[in-house]
């Protein structure tokens, strides 16, 4: 049938064009998601394609699947150490942060759109969650090496706040739509309403979290137990994730939370066919991404956006400049993030497909103001993608949150051994600039538990005894415990010497993490607190940070700065000393002093209060 | 912090001969001893103690051994260009062929750190290192090190 053929031609073509356009966009630095969205709009009714597409119901279903897959994939690639480094701030941002953002943005929407309170709050809620996909892509696309804990917080937050925003949106929509009919009754006692809301919240997140974690672990077990054709493992995993999503949703849990946690739980086990599963997921996450944004682009009718452009932009600006920073600063009050890091986290609250997806819910529920909400959301997302998406690399540089880039493991081969074996086989081609060039095996000082399997040179295997040193284009195969593969990367991969690395002031001296702090402090006039006596450099950093350290972490000590240079598993192994850390940008200094001033004023206020009570 | 206040043409060694880190430090201690009038052994011990904390081989073939000595009255620097690169336990495992030795009085405090930061910044400049490696006379090396001052200022 020609109808089907046309659809296939169209979808295939759109996918192809998207991928190619993505290639171009990374050259010009345009946010990839914006390109996909733009392509969808271009293909749509007001664009060149002229495709009229208004199937909200179908889109919603498809988008749910796509989102579930993206979140699951996001979980899969989130190592536990990322979660460990960032769970507390991320959790605060994903719960209270979403509420604050939603409330403040709602306030802005009320005035920008002259909307009634429920509609305005719904608008605020819909755009309250940062987009996991957008954040991941943005950080990776510009190959930004952001300080690990900042990046980890942004990543975990963006995955974890989607379920919260979805829950809030559904609840609000229900409150507005069937205010009097179903379980939620606006006319009822406030306490009854609060009870009902609390019950639903617990149900959604309790069921979601427990199903997610248990389901993810079970999924991992099953993969390791079942004997399947290799190609079926990834499919099995996706099927499992979608089943888990559906089952959780049917039981009124948050399916999105479930798949995200399931991804983390499954991804941090040693899985059989690990590489296959990851590659496959990489692919379908991309497809989901592209499909989601193109369809959303198709769905919108650009010429109807006109009247919403200005108020939408106003809401977007309120969101970026007021609501998000307020939420971030409040949620991160008790963390050890520096002011620059807080500012960066506040700035990278990117909105992506999730808000548009959420904006479909009011449309499906036929809320009165649904068209307004959908249009406004679309404008907010566009503005966010354009402004934030484009400026992030610049802002990262300005706020000095970047870290020296890690060697790129692109020249590394990973072979996955049967599960439960705590070893990985890795392979490297020795290239120009590699630290191994010209070294003998003994000089390489391989990490413990690591063994050289073979060296391939010009199509033959170099016999152990004949191996004098490593030469260019040698192919080296090693077997190693997984925690040491980063160390191997450093030893065998060429050192990337980018402009940025040069320009970023590196540390002056570096020390083993176990070096006694007292000795270092004495040599470099660092302040010595009594409790630092007997501590190693690593201990001092840990005591100052109060959270699991990650590579690139910096701690100001006196005039100098200690930097975590290398990690061995979860512990710092090398620590650098920067004698003259660069001063923060002037604007940041000014902001810091005005914040301090405000803080003092607040303190004064509290003091007065106490006095009055006395 | 002026490089000129740290080194003079006499404290530049254009081709130091050493086969090991220990030997290089010994040789440098000898030069430092003649400059400062201190005991060679005292200088060497201070340097060795600092190296035990972590190598001062900062990468890219650069070594910046340093230490504090109570008997000194001011900062002293010795710059050496090695005949042949030597193993220095540097952070990047690369052999070292340019060494800037810095000795400070116990009381130097902030000046010591400023000088260290200055030296470290100077030798982090790759083109500077290339020029230093291509120069074989003491006067030439001194001129290069001092000329950097004008650019940096």
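Heads up, the Cβ atoms here are built off N, Cα and C, so glycines get one too.
Since the structure is predicted, the reported quantities are computational estimates derived from the model, not experimental observations.
Of the given residue ranges A:308-331, A:404-427, A:428-451, TrEMBL assigns the label transmembrane segment to A:308-331.
Matching A:172-190, A:343-361, A:457-475 against TrEMBL, the residues noted as transmembrane segment span A:343-361. Between the stretches A:41-58, A:59-76, TrEMBL puts its transmembrane segment entry on A:59-76. Highest Cβ pair count under 8 Å relative to the transmembrane segment (A:283-302), across stretches A:6-25, A:59-76, A:201-223, A:308-331, A:373-396: A:59-76. Nonlocal intrachain contacts for the transmembrane segment (A:59-76), taken as residues 6+ away from its ends with a CB within less than 8 angstroms of a stretch CB, comprise 132-133, 136, 155, 158-159, 162, 216, 238, 241-242, 245, 255-256, 259-267, 277-278, 281-282, 284-285, 288-289, 291-292, 295-296, 299, 353-354, 357, 360-361, 364. Under 8 Å from some Cβ of the transmembrane segment (A:235-262) lie the Cβ atoms of residues 65, 67-69, 71-72, 74-75, 159-160, 162-163, 166-167, 200, 203-209, 211-213, 215-216, 219, 222-223, 226, 228, 277, 280-281, 284, all in the same chain and six or more residues away from its ends.
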